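Please read the structure below before turning to the comments.
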Amino acid sequence: MIRTRFAPSPTGVLHIGGARTALFNYLFAKKEKGEFLLRIEDTDKERSKPEFEKDIIESLKWLSLDWDGEIIYQSKRLALYEEELKKLLDEGKIFWCPHRKEELEIEKQGQIIRKESPRHFCDFREGGGEKGILRFKNDTKEKITFQDLIRGEISFEAELLGDFSIAKSFKEPLFLFANSLDDSLLGITHVIRGEDHISNTPKQLMILKALGLRKPEYAHLPLILGKDKSKLSKRHGAAAVYEYKEQGYLFQTMVNFMALLGWHPENEQEIFSKEELIEKFSIKRVQKAGAVFDLEKLNWLNKEHIKKTDNKTLVDLFSPFLKQEWRKNPEYLGKIVELEKPRIAVLKDIADKIDFFFEEPEFDKNILKWKETQSFEEVKENLSEIRELLKEIPENEFIQSKIEKILLPFADKKGRGEVLWPLRAALSGRRQSPGPFEIAEILGKEKTLKRIENALSLMK
Ligand code: GLU
């Protein structure tokens, strides 16, 4: 059975890159009717923080990337790593290197960054070193080659990798070691991860070989780039997953958007539900080249997913972005949401768009003129006539179709722009808004007439 995992280190909140990795592992596993595991790589005691772990878990839940079984914590598996480290030491495959860790390397983001020349073979590799750190005795002379499912064959000169570090002590395994051991022990068949891990793979293959363990298949995902093709950053609009949630992107949008960061379907389809993605996803269609993060596309997708969402759900989703007193009447809100839905890109935008339904708008009288050339005299005349016509409609028949029927003949006579623009502006107080008939119905007869009155008095 296919089994993948997402293996975040809780040293920061979940960003779009990590979430994309989780998604691809999820889609691949689900497509193959396999399992998707969540493994928290929390062996770095100083840098792992419970709040980051919480953020990662909450973000995955929000994205609906549900993992199978219990979460696996590396910090609970230390005894197991220790046992394997001791075995390797007994077999002479690893050794104690007395050089202080800081002299050799610095560890950053679970990656080892060497300060020294990479061609480093330790003087204590045959033994005699005491304490210090544990390093892998790299005696491999030949090339290490593996078939990456996305990039094809990848080779490394093993010698150039030197004797690399794998643990700070028996109880403090480093990423390279714990990660590869767990992949094998947990029966992970496919490791799908960011391309920044490519250089770790040959070392991990050496470790697995030394342990006599089965190796997984590897697939390294392309980098995510900004529109200017530089590495993705905040400045391109990239944010932590929870920030997208706070701004009002739907989780369906995020899943759809992230899937397209490196993967493309066979046709031109762009809008996908998670279920469709599971059905269509294929690792063969993941590109090698960097995937460009396009904020406009994200906003467009969000609009599309909002349109697909039913009004009741939308009212709930919009609620956190609305003033307390606006939330009192869900039915009224439902009508507004229905009307504004096609115009909203991000949920948080709604508050600015619908305030006039709840509060009388304040505006400059100039916006009542359809065109610069329209005189206030004419606007006044038209609004007064509208007022008289609307007064005739009984309160309980004050609906869009009826209002339209009553006003259109007059508008057709005097010019639609000349009549309907001033009405719309009087009702919304804006240059842009939904049409006047729709707004009038939602506001109701009383408020509609009051706003026309207000507009008239502005022009006195
Ligand atoms: N903990 C590693 C990271 O967050 C996992 C890398 C991997 O997927 O193998 O980068």
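For all residues, glycine too, the Cβ spot is worked out from N, Cα and C.
Any TrEMBL annotation is an automated prediction that lacks curation.
There are 11 other CB atoms within 10 A of the CB of Lys234 (ATP binding site), with all protein chains counted. What TrEMBL lists as ATP binding site is Lys234.
According to TrEMBL, the domain 'Glutamyl/glutaminyl-tRNA synthetase class Ib catalytic' annotation covers 2-300.
According to TrEMBL, the domain 'Aminoacyl-tRNA synthetase class I anticodon-binding' annotation covers 314-456.
Within the chain, the motif ''HIGH' region' (8-18) has long-range Cβ neighbours (under 8 A, six or more residues past its boundaries) at 40-42, 44, 47-50, 52-53, 55-56, 59-60, 109-110, 175, 194, 224, 232, 238-242, 244, 258, 261, 293. The annotation motif ''HIGH' region' is assigned in TrEMBL to 8-18.
Note on the motif ''KMSKS' region' (231-235): residues 16-17, 223-225, 293 of its chain, located 6 or more positions outside it, place their CB under 8 angstroms from a CB of the stretch. Positions annotated as motif ''KMSKS' region' by TrEMBL: 231-235.
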Per-state residue totals over the domain 'Aminoacyl-tRNA synthetase class I anticodon-binding' (314-456) - DSSP helix, strand, coil: 109 helix, 0 strand, 34 coil
Three-state secondary structure, Lys234 (ATP binding site) (per DSSP): helix
Per-state residue totals over the motif ''HIGH' region' (8-18) - DSSP helix, strand, coil: 3 helix, 1 strand, 7 coil
